[in-house]
Amino acid sequence: MEKPKASEPVEGQSLSQAEAPLMAHEKKQTQQDQPKWSFSLNLACVGSSIGAALPVGYCTGVMNSPAVLMRSWCNETLIARYDLHLGASGLEWLWSAVVSIFLVGGAIGSMTGASTANRFGRRGCFYICGILLVLGAVCFAVCRLLVSVELLLLGRLLVGLAGGLVTAFMPMYHSELAALSQRSTLSPCCAMGLTAGVVVAQICSLQSLFGGADRWHIALSFFGLLVLLCYAPFRWYPESPKWLYIVKGRKEEARQQLQLLRGYSSDSAALQAELNEMELEASAKVEASGFMEVLRNPRLRLPLIIVCAFLGGQQLSGINAIFFYSVSIFRKAGLSTQAAEWANLGAGSLNLATSMVGPVLLERVNRRPLMLFSTFFCAVCLFLFAMMLYFIESFSWFAMGCIGCIFLYIFFYQFGVGPMPFFIGAELFEVSPRPAAMALGSVVYWVCNFIIGMAFPTLQNAWGALVFLPFSIACLLLFGLTKRYLPETRGRDPSEVAPLVADGFKSKVLRTRTASQSS
């Protein structure tokens, strides 16, 4: 007698009873195929954000509070060692060099980011950043002991090089480690690390902590402890499966890394599906991988403009100028010097707290509305801030209004302008041209940062409060670019997004997902 099939009900058995084992098996298989938040994935994203992105943000913000003491030390050191007496203008140039060499290093590091990420891998790039950061911390720690301005300059250059590499590779690293469903949560990790670093630097450089005349070198080098702590388990950090499979052709290693990152079983259908997608991308990958190839490829022109405009526009939106000017605004509002310093720390803490909402928002809200919302209200806040600051003597409440504008601007900034430029390139470009495109965007980021740092004091003296109006205009331009040309990337693979922007400024980026797939 023929036995009934497993999927067929036997006599006396209901259909639901017969299907129950099969449904349970399918449910179990579906649960197994869901990507998990593995230890390896969490370690890589948290460790790299705290161990590399946070120190770069730290080095950006640590120079503000002890600036007067450090300038005095530089002047005394040059007199003692070289009998070199600098005038006021000469000392100003020296201090500008100390500050700006960090930004120059960032631009140089960004230019090498593509070749470094492709040659040594995303994990190898992270390792190189760690070496540069540790060497920079050592230079800061011993420069005062050895009475050497040169070591101070060298340390700033080294951490700048690390900063350029971080902004070029880290968003790409996080994006390639994460599954599509996890990408929105991990995308803002680099920006959060940079923001957290500025706040930690503001705390460590307080006069009551490490910002004193005989302790500022400790403030400068404190981030080295975080670097050592986060790089200690480096052997357990995973490599990007996409880099292994598509760039290097090491397919078995890519399979092993995917299993480690996702928690897949060896016979998982989801594992095979991801490998099939990589194989498809590897066989049809865009040949453009170097700077010139990316620049010359017309299909990559619009996404490259978006990446560069977003990263450059982030700096031209005035965030660094706001933090530069905030202490004096707080003092004009009637706060004491110490109270203004604490209020500035409060502004930095708001910046960090708002950035921590980013992963939740980016997981639930589309990219376009977030960026449109952020750029529009940043433009409004900057315009109101400029007007109130210009007429601050006319009405007594304008001083408090300026403080309100600063805090509102910081709040709206972290909804889109702050985090999104760092990772949007990883969502617009496929694996082959991605390193070069993100490196070019990172170069623009550091160059605009340098321009703001060098030009803002001069323009502030010439224009006064109206110097903030160009920042408002920059936000409006970003609003227009986003509305017209930014495709929605949330929940989409870059291979699906790339065709939407392949026709340059003639692209129809608002096509639906179905239309883009059928085309």
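Every residue number used here counts from 1 along the chain in the order it is shown.
Using N, Cα and C of the backbone, Cβ positions are placed for all residues, glycine too.
If you check TrEMBL, you get these features:
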| type | residues | note |
| --- | --- | --- |
| DOMAIN | 50-490 | domain 'Major facilitator superfamily (MFS) profile' |
| REGION | 1-29 | region 'Disordered' |
| TRANSMEM | 37-58 | transmembrane segment |
| TRANSMEM | 93-113 | transmembrane segment |
| TRANSMEM | 125-147 | transmembrane segment |
| TRANSMEM | 153-173 | transmembrane segment |
| TRANSMEM | 185-210 | transmembrane segment |
| TRANSMEM | 216-234 | transmembrane segment |
| TRANSMEM | 302-330 | transmembrane segment |
| TRANSMEM | 342-362 | transmembrane segment |
| TRANSMEM | 369-392 | transmembrane segment |
| TRANSMEM | 398-424 | transmembrane segment |
| TRANSMEM | 436-456 | transmembrane segment |
| TRANSMEM | 462-482 | transmembrane segment |
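Packing against the transmembrane segment (125-147) from elsewhere in the chain are residues 48, 51-52, 55-56, 59, 73, 77, 80-81, 113, 116-117, 154-156, 158-159, 161-162, 165-166, 169-170, 173, 216-218, 220-221, 223-224, 227-228, 231, 234, 237: each is 6 or more residues past its ends and has a CB under 8 Å from a CB in it. Within the same chain, residues 317-318, 329, 332, 361-362, 398-399, 401-402, 405-406, 408-409, 412-418, 420, 464-469, 471-473, 475-476, 478-479, 482-483, 486 sit at least 6 positions outside the transmembrane segment (369-392) and bring their C-beta atoms closer than 8 Å to a C-beta of that stretch. Sequence-distant neighbours of the transmembrane segment (93-113) (same chain, 6+ residues past either end, Cβ-Cβ under 8 Å): 59-60, 63, 67, 70-71, 74, 78, 86, 125, 149, 152-153, 156-169, 435, 438-440, 442-443, 445-447, 449-450, 453-454. Against the transmembrane segment (216-234), stretch 37-58 has more CB pairs under 8 A than any other of 37-58, 185-210, 302-330. For the transmembrane segment (302-330), same-chain residues at least 6 beyond its ends with a Cβ under 8 Å from one of its own Cβ atoms are 61, 64, 167, 198, 294-295, 339-341, 343-344, 347-348, 375, 378, 382, 389, 399, 402-403, 406, 409-410, 413, 417-418, 420-422, 424-425, 428-429, 437-438, 440-442, 444-445, 447-449, 451-453, 456, 460, 467-468, 470-472, 474-475, 477-478, 481, 485-486, 498, 501-505, 507. Listed by sequence, the residues of this chain that lie at least six past the ends of the transmembrane segment (436-456) yet keep a Cβ under 8 A from its Cβ atoms are 96, 99-100, 103-104, 106-107, 109-114, 117, 163-164, 167-169, 171-172, 288-291, 293-295, 300, 303-304, 307-308, 310-312, 314-316, 318, 320-321, 324, 421, 425-426, 428-429, 467.
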